[in-house]
Amino acid sequence: MDAKKAAGEKAAEYISDGMRIGLGTGSTVYWTIVRLGELVKEGLRIEAVPTSVQTEKLAREAGIPLLPLARLQAPLDLTVDGADEVSPKDELIKGGGGALLREKLIASFSDRFIVVVDHSKCVSELGRFPLPVEVVPFGWEMTSKQLRQMGCEPVLRMRDGAPFVTDNGNYVIDCRFGSIPNPGELTVELNKLPGVVENGLFVNMADLIVVGHPNGTVRTKSGT
Ligand SMILES: O=C(CO)[C@H](O)[C@H](O)COP(=O)(O)O
């Protein structure tokens, strides 16, 4: 079985009747959404908040009832989402799919945050994957220069010959740091830059990491 499918489907086991959940974005949580769609058809009652337009579409197709954020009075029970890198301390890089801002918001509104990855995402130190930073389009060139001064190689994310635009109307600058020895400090420093909306470092957020392996086995480990 595919490692992403194994991890994604396993996460569905943590979701029970009556829960209000957050649904992440990407090809691993895709399998959670597909599995939840099956369970909903079998009678599971849940409501979900999607972290992207892409996930909203998938959830609708799967028949999962959606919950408008404006109606949310209390934290979500659980959010399931993927990641691009996971450190030994369960710090994450996210945003490969460009949904980092909504993903961080929804995860922070959740009592529990479960991360689903295939084994290749587990690294000894964060930073080989370029860190996605969501920035406002106005003056992005200056923001990029300031990001460079923080020790990375910044590249504006492009799609079809034009800047990639997030669901929030912003740009993404992918910042190649090479290594990020102190993600906690870096996330604070990045978010101090005026043009930065949010960055893809998720520190002290994951409660459980579900890691899929190519033979279809899954290992879980408690997060921070
Ligand atoms: O952060 C994300 C999207 O913004 C994704 O969760 C991350 O890129 C992992 O994606 P995939 O499961 O497809 O490898």
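In case you wondered, yes, glycine gets a Cβ from its N, Cα and C as well.
Now, the feature entries from TrEMBL:
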BINDING   Thr25, Gly26, Ser27, Thr28, Asp81, Gly82, Ala83, Asp84, Lys94, Gly95, Gly96, Gly97, Lys121  substrate binding site
ACT_SITE  Glu103  active site, proton acceptor
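Structural mapping of features recorded in TrEMBL.
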residue: Thr25; record: substrate binding site; Cβ contacts under 8 Å, 6 or more apart: Pro50, Thr51, Ser52, Gln54, Thr55, Asp81, Gly82, Gly97, Ala99, Arg102, Glu103
residue: Ser27; record: substrate binding site; Cβ contacts under 8 Å, 6 or more apart: Lys4, Gly82
residue: Ala83; record: substrate binding site; Cβ contacts under 8 Å, 6 or more apart: Leu92, Ile93, Lys94, Val115, Val117, Lys121, Phe202
residue: Gly96; record: substrate binding site; Cβ contacts under 8 Å, 6 or more apart: Gly26, Asp84, Phe129, Pro132
Largest CA-to-CA spread of substrate binders Thr25, Gly26, Ser27, Thr28, Asp81, Gly82, Ala83, Asp84, Lys94, Gly95, Gly96, Gly97, Lys121, angstrom: 15
Cβ neighbours of Lys121 (substrate binding site) where a neighbour is any other Cβ within 10 Å: 24
Listed binding-site residues adjacent to ligand 1, that is, members of Thr25, Gly96, Lys121 whose C-beta is under 6 A away: Thr25, Gly96
Env. residues of substrate site, Cβ within 8 Å of mean position of Thr25, Gly26, Ser27, Thr28, Asp81, Gly82, Ala83, Asp84, Lys94, Gly95, Gly96, Gly97, Lys121 Cβ: Gly24, Val29, Glu103, Val117
